[in-house]
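Per TrEMBL, these features apply:
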- 48-68: compositional bias 'Low complexity' (COMPBIAS)
- 69-84: compositional bias 'Pro residues' (COMPBIAS)
- 87-96: compositional bias 'Polar residues' (COMPBIAS)
- 104-113: compositional bias 'Polar residues' (COMPBIAS)
- 48-113: region 'Disordered' (REGION)
- 1-21: signal peptide (SIGNAL)
């Protein structure tokens, strides 16, 4: 079949009109969908700019920042304990009470020494009764226990292995270590666990009643502590007079006479009337009383 040129042109014109009519008849919904697809294609084709970032970069961080480590704590060391009292080291006692004649000398002799003469320490004992002059721990001449133990021939040598205990108790109780050691030497010769003839216990020969409810009695440090407490109680009761307190620890009583000291059932129960002289001018000076024949009464048998 042959078609003329005119016929072909006419057919094309008709087809174009039909296509236009079809486009005009399309629903609004179809138009909207078509437009949306076109816009989506345009968005996919937009290039990212140099400042664009992804969601992970723009999203706020949820990670917790670690707190800085605290600065190391500065620990201030505790202050050193106050040194134990050592008494007066000026040469002779500074006690102001001169009743019965002090007659103190820097050098130890058989009848006197830095803390006064035997008559001074036992003032009144030969007649009206013992009433010792006022002498405080600060007035008394007392060498340090360390110094005494370094002296050749010192009488406190048996107490050497207890030096740490005596120094510790001295610092905590305010009683010179040498005085505590001197008491222990006189009472027990610094022997642990000694039981006296009347049941006295340990280094400081504590009376049995003090040990019923206090287990410290039975070991060295505790026994020394309790002895220091007994002495401090005597010292406080004596108004600070160490001579009266020291005598009381050894069984002396105020206004005691020579007759009172000697009038005992047995010789071993007598009060040693040279006790204060031996302690104050012997042990506390690092001098063995026997080396200078110290004493004036010699009333023990």
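Every residue, even glycine, has its Cβ placed from backbone N, Cα and C.
Non-local neighbours of the compositional bias 'Polar residues' (104-113) in the same chain are 91-93, 120, 277, 280-282, 285, 287, 292-296; each lies 6+ residues outside the stretch with a CB under 8 Å from one of its CB atoms. For the compositional bias 'Polar residues' (104-113), the number of residues in each DSSP class (helix H, G, I; strand E, B; coil) is 0 helix, 0 strand, 10 coil.
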